[in-house]
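Annotated features in TrEMBL:
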type	residues	note
DOMAIN	105-288	domain 'G-protein coupled receptors family 1 profile'
REGION	1-24	region 'Disordered'
TRANSMEM	70-93	transmembrane segment
TRANSMEM	99-120	transmembrane segment
TRANSMEM	141-165	transmembrane segment
TRANSMEM	185-204	transmembrane segment
TRANSMEM	237-256	transmembrane segment
TRANSMEM	268-290	transmembrane segment
Amino acid sequence: MSEEPAVTPSWLTPDPTAWASGGGGPMDNSTSLGTFPPEDSLPPSQLPLLVNPWDIVLCSSGTLIACENALVVLADLLAGLGLVLHFTCAYLLHSDSAQLLTVGLVVASFSASVFSLLAITIDRYLSLYYALTYNSERTAAFTYTMLVLLWGLSLCLGLLPVTGVNCLAEEATCSVVRPLTKNNIAVLSVSFLLLFGLMLQLYVQICKIVMRHAHQIALQHHFLAATPHYVTTRKGVSTLAIILGTFAACWMPFTVYSLIADYTYPPLYTYATLVPATYNSVINPVIYAFRNQEIQKALWLVCCGCVPASVAQRARTPSDV
């Protein structure tokens with residue numbers, strides 16, 4: 001019996017050597033399952049790698065994301081698990097169906113992460129705009145309704161590849177991330193930019209409200225820096241600024257690149273912009289854990305089974321994003 005050709009699956013390219021060289025023709029940069037000539041017909045320098053190093057990086061980041069967010073953020077937890085499952089399915093199952101499911105999970109979970117950030121921004125804006133009544137009027141039913149809408153829309157986006165919106169049947173329609181089509185990833189990228197623009201607009205309005213409140217407090221107390229309300233409100237605004245800044249720094253390169261590039265571009269560029277995007281989900285739980293009192297209590301309970309008095313007695317402030 002003849003030796004089977006080496007098969008090296010990858011999310012973005014069938015040729016793992018392309019991650020370093022950036023070469024290859026149009027069909028070499030988007031397909032995720034490929035075949036190669038028998039190894040005995042190739043010189044040692046051209047033998048395909050068993051595992052794409054960039055896929056190992058993505059799988060490692062997925063593991064880290066899942067471990068961190070197991071205690072903090074459900075959306076980012078699923079994003080991490082999706083990356084790990086995709087790596088496992090790509091190298092063990094060699095199944096298009098499994099690939100579609102795992103890619104759908106990644107799209108849905110990262111979409112939920114973006115929508116969650118939008119919801120946090122809206123919540124901070126409303127809590128400041130309706131400072132006296134918002135906390136009392138916000139009901140559990142409203143919160144659950146927002147969660148259902150958030151996850152419903154995210155699942156719809158994640159199901160698109162499974163329901164046929166993919167490029168498995170026509171390689172020319174592939175985007176920089178196979179099996180997502182160019183139209184699919186363009187919609188996701190444009191939606192990201194619109195949502196980020198909305199979040200920036202809300203943040204500007206939040207800053208205006210804080211400055212107006214700060215001015216009123218200064219008139220009443222004659223000095224601004226020592227007023228506890230101003231200090232905690234400023235901390236809340238700075239927390240939101242850190243979250244939005246990190247979000248933009250991580251996701252903007254991949255978003256812009258996915259709009260201007262297609263499947264003919266070297267996969268190295270895709271990995272170089274995609275890996276930082278995934279690490280936004282690594283940074284998020286760190287920010288939340290250090291800035292949110294309820295998460296701090298949960299971490300203390302999990303790690304040592306107790307909550308320090310300094311944490312337990314601290315009142316909730318606007319900085320608890």
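Placement of Cβ uses the backbone N, Cα and C atoms for every residue, glycine included.
Outside the transmembrane segment (141-165) by six or more residues, the chain places 75, 100-101, 103-109, 111-112, 115-116, 119, 179-181, 183-184, 188 with a CB less than 8 A from a CB of the stretch. Most Cβ pairs within less than 8 Å of the transmembrane segment (99-120), among stretches 70-93, 185-204, 237-256, belong to 70-93. Pairs of Cβ atoms less than 8 Å apart link the transmembrane segment (70-93) most often to 268-290, out of 185-204, 237-256, 268-290. Residues 107, 111, 114-115, 117-118, 121-122, 124-125, 157, 175-177, 240-241, 244, 247-248, 251-252, 255-256, 258-259 of the same chain lie 6 or more positions beyond the ends of the transmembrane segment (185-204) yet place their CB under 8 Å from a CB of it.
Mean predicted confidence for the domain 'G-protein coupled receptors family 1 profile' (105-288): the pLDDT average there is 83.
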